[in-house]
Amino acid sequence: MAKRDFYEVLGVTKTCTEAEMKVAFRKAAMQWHPDRNPGNEEAEIQFKEINEAYQTLSDGQKRAAYDRYGHAAFEHGGGGNDGFASSMADIFDDLFGDVMGRRGGRNGPARGSDLRYNMEITLEEAFQGKLASLTLPTSITCEACDGTGAKAGAKPRICPTCGGQGRVRAQQGFFAIERTCPQCHGRGEIIDDPCQACGGAGRVTRERTLSVNIPPGVEDGTRIRLAGEGEAGTRGGPAGDLYIFVSTKPHPFFQRDGADLFCRVPISMTQAALGGEVTVHTIDGKEAKVKISEGTQSGKQFKLKNKGMPVLRSREVGDLYIQATVETPQNLTKRQRELLAEFDAESSNKTHPEASGFFARMKDFFENLSGQ
């Protein structure tokens, strides 16, 4: 007979919370408890099924394994209790070993954890690239004991509790649970005479200074991997990696979109009407001339080719887009007001074609609407 889905057994959905699952388990357990159903074989079977479902789904790692493999996660290796315990350990290693950075034998060499470092740079540094110096605390292999954790001349002995496996099995109900050995804490060995420098850990914490090359063109979220610069491994295992995540500080003038840069430049009303030339600064610290054409409207963009950001690990370069923002004059003198009034009197549809066309279209729209 095929096993029922564990979520179905408890009467919960796959997205239920731990609290919801606990309430459902208590309700079902009370309903089918053998003491409440004496002599009822079906109740006994139901109760065992409920208990098995809850024992699996209430444990985060087991639940992840069940969601991924289903009942097959617990049936590998012959279906017996020993098969269950060993298969679960293997599955948990597959699921979580890489994340924790501890793949390998249970009491053998273990890889050190990866480290993450967040680095914030300026847009100019992202443009030019830089050689950055990092000082960070990290675990390194203890030189005094060469990572063994034992004092010079002493050797660790096999843990008598787990027999060097680093894990022990405990019987719970009709199945077994495998857990980390409480005596050796998963090492598989006991250090009777620990190294004084590291206290038996095999690693010590030190500050290290590293030089990191930030290449031109890095963007927010760029990840730089320094292999072997993470935490030291244990029992002779390799060191983890150091991952540097780069972010860019907001710039007061430029906004970035990929390799392109955008900049808003205010121009006067007369510059917009008559045309002219403005000088802008580019990201490389140089100056560039931008020709403003006659009749430029606010929001119009002018492109300066190859004045943007370099493309990471490429010879390509983005562009710089200058967006003109027409500034309306303020605090006018009497003479300026008179001149603007004269200009307005001389204005026609030709001088303001967009406005004239807009109001003409609006008038036609509402006249046609009222005539329907």
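Cβ atoms are placed via backbone N, Cα and C, with glycine included.
What Swiss-Prot says about this protein:
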- CYS159, CYS162, CYS181, CYS184: Zn(2+) 2 binding site (BINDING)
- 5-70: domain 'J' (DOMAIN)
- 142-149: repeat 'CXXCXGXG motif' (REPEAT)
- 159-166: repeat 'CXXCXGXG motif' (REPEAT)
- 181-188: repeat 'CXXCXGXG motif' (REPEAT)
- 195-202: repeat 'CXXCXGXG motif' (REPEAT)
- 129-207: zinc finger (ZN_FING)
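Spatially close to CYS159 (Zn(2+) 2 binding site) yet at least six residues away along the chain are GLY166, CYS181, GLN183, CYS184, ARG187, GLY188, GLU189, ILE190, judged by Cβ distances under 8 angstroms. Listed in sequence order, the residues of the same chain lying 6 or more apart from CYS162 (Zn(2+) 2 binding site) and placing their CB within less than 8 Å of its CB are VAL168, CYS181, GLN183, CYS184, GLY188. If you count neighbouring Cβ atoms within 10 Å for each of the binding-site residues CYS181, CYS184, the highest count belongs to CYS184. Secondary structure counts, DSSP: the zinc finger (129-207) has 0 helix, 35 strand, 44 coil.
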